[in-house]
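Student: To start, I am sharing the structure in question, which I have written as structure tokens.
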Amino acid sequence: MNAPYDLMVIGAGMAGIAAANRCAAHGWRVGIVDPLPYGGTCALRGCDPKKILRRGAEIIDDARLLQGRGVDATGLALDWSGLMRHKRGFTNDVPHDVEARLRKNGVRTFHGSARFVNADALQIDGESFAANRFLIATGARPRSLEFPGREHMIDSTEFLSLPDLPPRIVFVGGGLVSFEFAHIAARAGADCVIVDHGERPLRAFDPDLVDLLVRRSEQVGIHVHNRSSIGAVNRSATGLQVDIHWGDVVTSIETDLLVHGAGRVPDLDTLDLEAADVASGPRGVDVFGHLQSRSNPRVFAAGDSADTLGERLTPVAVFEGKVAASNMIKGSRTVPDYSGVPSTVFTIPELNRVGMLEEDAVRDGRDVDVRFHDTSGWYSNYRVGETTAATKVIIDPATDQILGAHLLGPGYSEVINTFALAIKLGLTTRQLKSATATYPSVGSDVGSML
Ligand SMILES: Cc1cc2nc3c(=O)[nH]c(=O)nc-3n(C[C@H](O)[C@H](O)[C@H](O)COP(=O)(O)OP(=O)(O)OC[C@H]3O[C@@H](n4cnc5c(N)ncnc54)[C@H](O)[C@@H]3O)c2cc1C
Ligand SMILES: NC(=O)c1ccc[n+]([C@@H]2O[C@H](COP(=O)([O-])OP(=O)(O)OC[C@H]3O[C@@H](n4cnc5c(N)ncnc54)[C@H](O)[C@@H]3O)[C@@H](O)[C@H]2O)c1
């Protein structure tokens, strides 16, 4: 057995890295372990590579929107393998850079899969390491699906490394992964089908804006099936035969690729949590609000593998990692502040949300002022040729404070950050309108959205 560490961090993604660096800066003896190259989902298999691929798709769409208005987009096409090279130009360096920074900060880095052997020690490749504290930051993995033929399905990691993009793609699930990937693939020329078993896709977003996005998606060759599920998948002479169930009706379609976009679950199975008396449930490690395990006080958890009030997003993983580190160092019980966390579906155009949905206000019987605007005819959208754009802002009439903002349109993933700040700081619409933005920028539309 090695001399005890002050902290062993399990998982070198956003949450784990943030916590390891903070505790090492405080002078703690810290170790971190991951079986995969360092950097985690966001940098290597999620947000960052995805948005690099989206850039190519954006350029195609931008050009097509101005076809006949000063731009000749005929013959414009995505070079998928070139785009993949562009992606690797970023992702290739991440593991080395992340690990070098951790080491420079005094963190000992390990490669391998960790599992607990008892309440105060874990094992990596047969070697045991004791520690005073452990941080579980193992992230999430695709949910298991049970339909016959599921072995033909690829996951988001594989999609982001496809050497070629086939012409026909079916996505299982109508969440963020499927919509974002389908919007990229459609601009690359693929015919896309999204099969979702819910009443409507993208459940966490404003339904009026989702309807508009679904219509815009149909226009670019993405077909969305609600209340539908996959019955079975079989290999055929020319691809994959997919049976789609819609109530009692079964439709068979041919595709070249089946992609998992049906949600992710905490990645805890390899940890042997029982050996360390760490309780967990379907939403992750069972923690108090301040991120300490309810059953083993030596253990904290953060990011996608922790059962917290936070959404499964990178900024949340980072600030949970930092709050967990700070609580471990100080012995404090600070609860992360989840207010004003924005999220974006990086479709083209993008769909954004921060704060309360209109339906939350209705459910709570709360008196709110809902300001909806079809912004498709506004100057900013005319300029780029976008014909689908709208905003909905939810305001508390008693205080004039912003409770929620929902934006669909080009450039609005930057604008949502202004609303996020307003919600975090409790700004009134009057205060927000008093700010001056550069003109003509998309941000200068904020006053008119209120
Ligand atoms: C396709 C995709 C796109 C996304 N896009 C966005 C986006 O645009 N914006 C956004 O905010 N969020 C996005 N997300 C979500 C975001 O990536 C996650 O919320 C975030 O990465 C979670 O960070 P984490 O540190 O909790 O986990 P991760 O980054 O997943 O890190 C967990 C690490 O733990 C390791 N691990 C697992 N088991 C063990 C073990 N037994 N021992 C040691 N190590 C282990 C894993 O190998 C992994 O490297 C996206 C997710 C996906 C899948
Ligand atoms: N831009 C971003 O911030 C971003 C992008 C991608 C992923 N993510 C993160 O990754 C997580 C996972 O994304 P996701 O898109 O896989 O999941 P999701 O939870 O966003 O959506 C899953 C969808 O699949 C449907 N579904 C579930 N099982 C199904 C089945 N058997 N058949 C048909 N439909 C089914 C659900 O009704 C839901 O609409 C997200 O919750 C998010 O936290 C974030």
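The backbone N, Cα and C atoms fix where each Cβ goes, and this holds for glycine too.
No curator has checked TrEMBL annotations; they are predicted automatically.
Pulled these from TrEMBL:
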type     : residues                                                               : note
BINDING  : Lys51, Asp304                                                          : FAD binding site
BINDING  : Gly173, Gly174, Gly175, Leu176, Val177, Ser178, Phe179, Glu180, Gly263 : NAD(+) binding site
DISULFID : Cys42-Cys47                                                            : disulfide bond
DOMAIN   : 5-321                                                                  : domain 'FAD/NAD(P)-binding'
DOMAIN   : 341-443                                                                : domain 'Pyridine nucleotide-disulphide oxidoreductase dimerisation'
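I'd like to know what surrounds each of these features in this structure.
Tutor: For Asp304 (FAD binding site), applying a Cβ distance below 8 Å and a minimum sequence separation of six or more within one chain yields Gly13, Ala15, Thr41, Gly139, Ala140, Arg264, Pro266, Asp267, Gly284, Arg312, Ala317. Annotation note: Asp304 (FAD binding site) sits in a helical segment as assigned by DSSP.
Annotation note: Gly175 (NAD(+) binding site) sits in a coil segment as assigned by DSSP. When other Cβ atoms within 10 Å of the Cβ of Gly175 (NAD(+) binding site) are tallied across all protein chains shown, the result is 20.
In this view, Cys47 (disulfide bond) is surrounded by 17 other Cβ atoms within 10 Å of its Cβ, with every protein chain counted.
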Student: What are the other residues, in sequence order, whose C-beta lies within 8 angstroms of the center of the C-beta atoms of Gly173, Gly174, Gly175, Leu176, Val177, Ser178, Phe179, Glu180, Gly263 at the NAD(+) site?
Tutor: Phe171, Phe181, Ile194, Pro201, Leu202, Gly261, Ala262
Student: Quick test of your reading of the structure: among the binding-site residues Gly173, Gly175, Val177, Phe179, Gly263, whose CB sits under 6 A from ligand 1?
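Tutor: Going through Gly173, Gly175, Val177, Phe179, Gly263 in sequence order, those close to ligand 1 turn out to be Val177.
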Student: Just the recorded positions from Cys42, Lys51, Gly175, Phe179, Gly263, Asp304 whose C-beta lies under 6 Å from any atom of ligand 2, please, or none if there are none.
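Tutor: Within range of ligand 2: Gly175, Gly263.
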Student: So among the binding-site residues Gly173, Gly263, who's got the most Cβ atoms within 10 Å?
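Tutor: Per the Cβ count within 10 Å, the most buried is Gly173.
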Student: Could you state the CA-to-CA distance between Gly263 (NAD(+) binding site) and Cys42 (disulfide bond) to the nearest Å?
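Tutor: With distance taken Cα to Cα, Cys42 (disulfide bond) is 16 Å from Gly263 (NAD(+) binding site).
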Student: Quick one: Cα separation, Val177 (NAD(+) binding site) versus Cys42 (disulfide bond), in Å?
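Tutor: The separation of the Cα atoms works out to 13 Å.
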Student: Using Cα-Cα distances with a 10 Å cut-off, which of the recorded positions Cys42, Cys47, Lys51 are near Phe179 (NAD(+) binding site)?
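Tutor: So far as Cα distances go, none of the recorded positions lies within 10 Å of Phe179 (NAD(+) binding site).
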